[in-house]
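Student: Copied straight from Swiss-Prot:
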- 1-24: signal peptide (SIGNAL)
- Cys30-Cys71: disulfide bond (DISULFID)
- Cys40-Cys55: disulfide bond (DISULFID)
- Cys56-Cys98: disulfide bond (DISULFID)
- Cys69-Cys107: disulfide bond (DISULFID)
- Asn76: N-linked glycosylation site (CARBOHYD)
- Asn87: N-linked glycosylation site (CARBOHYD)
- Asn103: N-linked glycosylation site (CARBOHYD)
- 109-140: region 'Disordered' (REGION)
- 116-132: compositional bias 'Low complexity' (COMPBIAS)
- Asn140: N-linked glycosylation site (CARBOHYD)
- Ser168: GPI-anchor amidated serine (LIPID)
Amino acid sequence: MASSTLLITLLISLSAFFLRMVLAQVPATCASRLLSLAPCGPFVQGFAQLPAQPCCDSLNQIYSQEATCLCLFLNNTSTLSPAFPINQTLALQLPPLCNIPANSSTCSSSFPGEAPSDSSSVAPPPSSSTGSQISQGAKNNSRVAATPVAQMAPRPTSFMGLGYGLKSSGSKSEIQLTIFALAAILPAALLLI
């Protein structure tokens, strides 16, 4: 019993360590907000046809509280890819599917920790809680073109959405393998309790 408790403690500690390593790449103000997008995982990894309602709720909350974090998620999906592989084409479909007036043209190509280069590039959050219109691109802004949406198949090399088997080199693949191992061992360890 003591050994299983020690094993569980070790696994949780290692999981937290690797999660902190991944989130260290994300600005501090966005890290906790982006964690709330976990319900979007099945959709942005190609395992679900539509995003779940908790995903849309979290996305809307991020958009209304910190739109730059939504921009970070949409423009820099590779930031979270070691632990949370994201298909950027699918991620860009989230705002219209969740009735959020943001799309790929909403954010300029900002980088982690950097605000968008144009103050008009982030649409203001909706002022009322009544249903918002789906944004299909720019309407009255001739300098911004609508972005076409392409349907992509899920990545065949992704195993259970953990990125196991992705072509990678160095410590990134080691982190992916470690996270995969933790995800495989943790449920079995919890059954021992």
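Here the Cβ of each residue, glycine as well, is placed from N, Cα and C on the backbone.
How about a rundown of where these features are and what they're close to?
Tutor: Taking the Cβ of Cys71 (disulfide bond) as centre and 10 Å as the limit, one finds 26 other Cβ atoms among all the protein chains shown.
Within the same chain, the residues at least 6 positions away from Cys55 (disulfide bond) whose Cβ sits under 8 Å from its Cβ are Leu37, Pro39, Cys40, Phe43, Leu94, Cys98, listed in sequence order. Taken residue by residue with DSSP, Cys55 (disulfide bond) is part of a helix.
In the structure as shown, the Cβ atom of Cys98 (disulfide bond) sits within 10 Å of 22 other Cβ atoms. In the three-state DSSP assignment, the secondary structure recorded for Cys98 (disulfide bond) is coil.
According to DSSP, Cys69 (disulfide bond) is assigned to a helical segment.
The number of other Cβ atoms within 10 Å of the Cβ belonging to Asn87 (N-linked glycosylation site), over all protein chains shown, comes to 18.
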Student: Where does Cys30 (disulfide bond) sit by DSSP, helix, strand or coil?
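Tutor: Looking at the DSSP assignment, Cys30 (disulfide bond) belongs to a helix.
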Student: Rounded to the nearest angstrom, how far is the Cα of Cys69 (disulfide bond) from the Cα of Cys30 (disulfide bond)?
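Tutor: For Cys30 (disulfide bond) versus Cys69 (disulfide bond), the Cα atoms are 5 Å apart.
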Student: Determine, to the nearest whole angstrom, how far the Cα atom of Cys69 (disulfide bond) is from the Cα atom of Cys56 (disulfide bond).
Tutor: 15
Student: How long is the line from the C-alpha of Asn87 (N-linked glycosylation site) to the C-alpha of Cys71 (disulfide bond), rounded to the nearest angstrom?
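Tutor: For Asn87 (N-linked glycosylation site) versus Cys71 (disulfide bond), the Cα atoms are 15 Å apart.
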Student: Using all protein chains in view, find how many other C-beta atoms are within 10 Å of the C-beta of Cys30 (disulfide bond).
Tutor: 21
